[in-house]
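These notes are about the structure you will find just below.
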Amino acid sequence: MMNGGGHERKSFSDLNTFQVHPRTKPNRVLMVIYMCAILALLYHHLLYLIRSISLPSLSLFFADLVFAFMWVTSQPFRWRPIRRKVYPENLSRTVDDKDLPPLDVFICTADPYKEPPMEVVNTVLSVLAFDYPSDKISVYVSDDGGSQMTLFAMMEGSRFAKYWLPFVKEHKITKRCPKIFFNDDRRTTTTATDDQLSCSQQEFQKMKVPFLSLEILFVATCKLDIIFYSTMSS
């Protein structure tokens, strides 16, 4: 929403607000000057063609005409550029959960060595922890490489999700990626993030231990897999 002065104004029911870019008027002046220059160029071409028609002059005229058309069609996007802000926290006030559309999220991976399975698991857990009705969101992992490591990671990640997802919803954590959430040591209140302070130290450590165990398990599995294939190839 925007008031008459061009400044954004937010209400509790707004899902987004916008503000017109401050350089809109100078851009419009430049567009008008540019348009006058194009018209003058085309007028010059027409006068020359009226006196004598030749293939080079005709080719130049049509080339400038095409470029002028391309320029004109690209200007509506620049005539009134805006900056938009979204407020997803207002969604629950305007739309009921039953009216939200179902979401299907596809996550693609191919090489477990270039795309570590642990990173894929963090991505899946982040999506599953969205602030969205759990019965309306589905996550699909497409593994083009058909890796057993990725399959094993998804199985172990699903076990961890049984603890992680309720933990996220209970404490209203916004950074839902386990890797980011457990990135800090949380030794003091000055180094801890707001999400980490939403739970007690005991709850934080209780959830961090199985996550670290999961990371260690994946690292060990990858190393064993590398050793196995190196032995088979030698």
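Cβ from N, Cα, C; glycine included.
Curation does not apply to TrEMBL; its annotations are automatic.
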Range annotated as transmembrane segment - as stated in TrEMBL, picked from 53-74, 119-140: 53-74
Residues flanking the UDP-alpha-D-glucose site, with Cβ no more than 8 Å from the Cβ centroid of Lys114, Glu115, Asp144 and excluding those residues themselves: Thr109, Ala110, Asp111, Pro112, Tyr113, Gly145
Remote residues contacting the transmembrane segment (53-74) - C-beta distance under 8 A, at least 6 residues beyond either end: 34-35, 38, 41-42, 45-46
Winner by Cβ contact number (other Cβ atoms within 10 Å) across the binding-site residues Glu115, Asp144: Glu115
